[in-house]
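**Q** Let me begin by handing over the structure; questions about it come next.
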Amino acid sequence: MFHKEFRAIIFQNVLILCASAVLWKQTTVAATQVTRPRGVSLARASLYSPDADFTCLDGSATFPFRYVNDDYCDCQDGSDEPGTSACPNGSFYCRNLGHEAMIVPSSRVNDGICDCCDAADEYQSGANCVNTCKELGSAAQEEAQRRYELESQGYAIKLEYINKGRQAKLSQQERNMALKAEQVEAEALRAEKEREKHEAEEPERQALDKYRQIEQEAVKEKEEIERSKQETEASKAFDWLDSNQDGKLQVEELQTHVAFDQNQDGTVTVEEAKFFLHNEEEMEKSDFIATGWPLIKPFVMKAQGLENPSQPDQQTGEIPLPDDHQQDESMPETEGEEEEDEEHEEEAEPVKPSPVTPNSVEYDAETQELIEVANKARNSYDEADRRLRDLEREIRQLEESNSKDYGPNEEYQPMDGQCYEYSDREYTYKLCPFDNGSQRPKHGGSETRLGSWDSWDGPAENKYGAMKYDKGVQCWNGPQRSLKVHLSCGMENQLLSVSEPNRCEYEMKFTTPAACGEPKKPDDGDSEIHDEL
């Protein structure tokens with residue numbers, strides 16, 4: 001008995017709940033079907049009360065309610081004729097149940113063209129309008145559902161990006177703290193190695209000082225030998241050219257040697273000869289050795305080749321100057337020539353190097369040990385210094401990365417360090433977020449930088465909707481290139497298009513899950529427009 005009564009009570013309560021639900025729905029429907037003139041939205045229905053005079057919405061006039069929709073424009077703002085085309089500035093509300101409500105200019109009412117999908121705007125025109133709201137609403141609902149699913153999937157990926165970005169930032173901060181601790185130790189170690197280096201270099205310097213003098217003397221000796229050799233060559237050449245042996249080299253003497261014929265016309269002119277005498281008529285032997293020989297030396301070698309065709313000494317590379325075995329007819333033998341023959345033979349031998357030269361210094365064992373100790377100390381210091389500089393560079397890079405704005409929740413951080421490309425008929429474009437953008441010709445050519453990362457450049461309501469890259473390569477006879485990247489929600493990071501709306505100003509369209517907002521479920525299409533008064 002008790003169970004039967006309990007079931008009866010349950011059943012009675014269910015009936016009451018069902019009745020309440022039906023009553024609520026009827027009340028809601030009644031609320032949306034408030035009596036209002038044709039062309040008036042639900043939001044403005046209270047302003048059109050048939051039980052009172054109507055006041056224009058701009059307050060310009062008040063008159064009996066029967067003047068509303070009487071096909072005569074009484075209000076300056078056209079608010080008294082929402083359902084007719086009487087007022088040029090009026091507006092007609094299409095309810096479009098099953099689809100989206102809309103507002104059209106009242107001038108389109110009864111114009112024979114179907115503007116509202118529910119055909120409400122053509123109630124007297126006789127136009128063959130069909131109510132297509134249900135079909136349009138279904139298609140719109142499917143598209144809205146598709147967008148919702150896409151945004152939901154993109155937003156799910158964005159949440160992963162946020163997690164990765166935050167983890168990366170936390171890891172970078174922890175790494176930065178660890179590196180700074182290592183930096184303190186590295187600075188102390190470098191200071192210690194620098195002290196050890198100085199301590200090792202001082203005895204090395206003192207030990208090497210005594211060898212430096214020997215090295216300097218060896219260098220000086222070598223230079224002196226070379227200078228003496230040049231003077232000897234110059235002296236021999238002068239004696240050979242000075243055919244009258246008067247100790248002066250004259251224009252006429254140079255004119256006898258065809259090697260000084262610079263224009264190759266077969267004659268050595270006075271001007272050509274004076275060129276080698278610094279535009280003078282004659283030159284003393286001392287002047288010839290000091291300044292004339294460097295200028296005339298190549299021509300003497302040429303003259304020797306023409307007038308003494310025997311090959312030069314291939315081993316010594318000496319200039320084939322005349323000796324007693326190759327005597328120019330213009331240079332008669334004089335007393336003492338035999339002695340000079342012996343001198344020539346001696347000079348023909350290769351010059352023996354000085355016993356002490358910079359490359360042949362041998363250090364004693366103690367000095368050599370000091371050098372090795374100093375080298376070891378220098379290597380240790382260099383290694384400690386390199387380690388410290390590596391730490392400082394990594395710390396600087398981490399701090400630069402941590403200072404970047406990767407979005408309100410670090411959602412754009414995973415894109416840093418990545419690059420994306422897009423190709424059209426002429427160019428391949430590359431975008432490396434937070435770094436730079438560039439282009440390169442598809443058929444060969446160098447890459448051109450379009451800009452380097454500067455800042456976020458979206459509108460006030462969506463700062464992170466666009467990226468700004470500036471200070472690109474300067475255009476020919478124009479400004480520096482710049483780039484703006486417009487971001488939108490997408491399932492993947494993808495560069496969609498590139499354009500150049502203005503000269504040297506480029507724009508890219510880029511999709512990324514990081515730009516997806518939290519999705520909102522689409523409504524059923526029956527909601528009314530809540531237009532502002």
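Here the Cβ of each residue, glycine as well, is placed from N, Cα and C on the backbone.
Residues annotated as coiled coil in TrEMBL: 374-401. Residues or ranges marked as compositional bias 'Basic and acidic residues' by TrEMBL: 221-236, 518-533. If you look up TrEMBL, you'll see 307-317 marked as compositional bias 'Polar residues'. TrEMBL lists 330-348 with the feature compositional bias 'Acidic residues'. The domain 'EF-hand' feature in TrEMBL is assigned to 229-264. The domain 'MRH' annotation in TrEMBL covers 417-518. The region 'Disordered' feature in TrEMBL is assigned to 189-208, 221-241, 306-369, 434-457, 513-533. What TrEMBL lists as signal peptide is 1-31.
Could you tell me the structural context for the features on the list?
**A** Residues of the same chain lying 6 or more positions beyond the ends of the coiled coil (374-401) and with a Cβ under 8 Å from any Cβ of it are 172, 175-176, 179-180, 182-183, 186-187, 189-190, 192-194, 196-197, 199-201, 204, 416.
Beyond its flanks by at least six residues, the region 'Disordered' (189-208) meets 363, 366-367, 370-371, 373-374, 376-378, 380-381, 383-385, 387-388 of its own chain at Cβ-Cβ distances under 8 Å.
Outside the region 'Disordered' (434-457) by six or more residues, the chain places 404-406, 412, 415-417, 419, 423, 425-428, 463-464, 466-473, 481-485, 498, 506, 508 with a CB less than 8 A from a CB of the stretch.
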**Q** Under the DSSP assignment, what numbers of helix, strand and coil residues are found in the region 'Disordered' (434-457)?
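**A** Tallying H, G and I as helix, E and B as strand, the rest coil: 0 helix, 15 strand, 9 coil.
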**Q** Could you please provide the mean pLDDT value for the domain 'MRH' (417-518)?
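**A** Per the prediction, mean pLDDT sits at 95 for the domain 'MRH' (417-518).
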**Q** Determine how many residues of the compositional bias 'Basic and acidic residues' (221-236) DSSP places in helix, in strand and in coil.
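**A** Going through the compositional bias 'Basic and acidic residues' (221-236) residue by residue, I get 16 helix, 0 strand, 0 coil.
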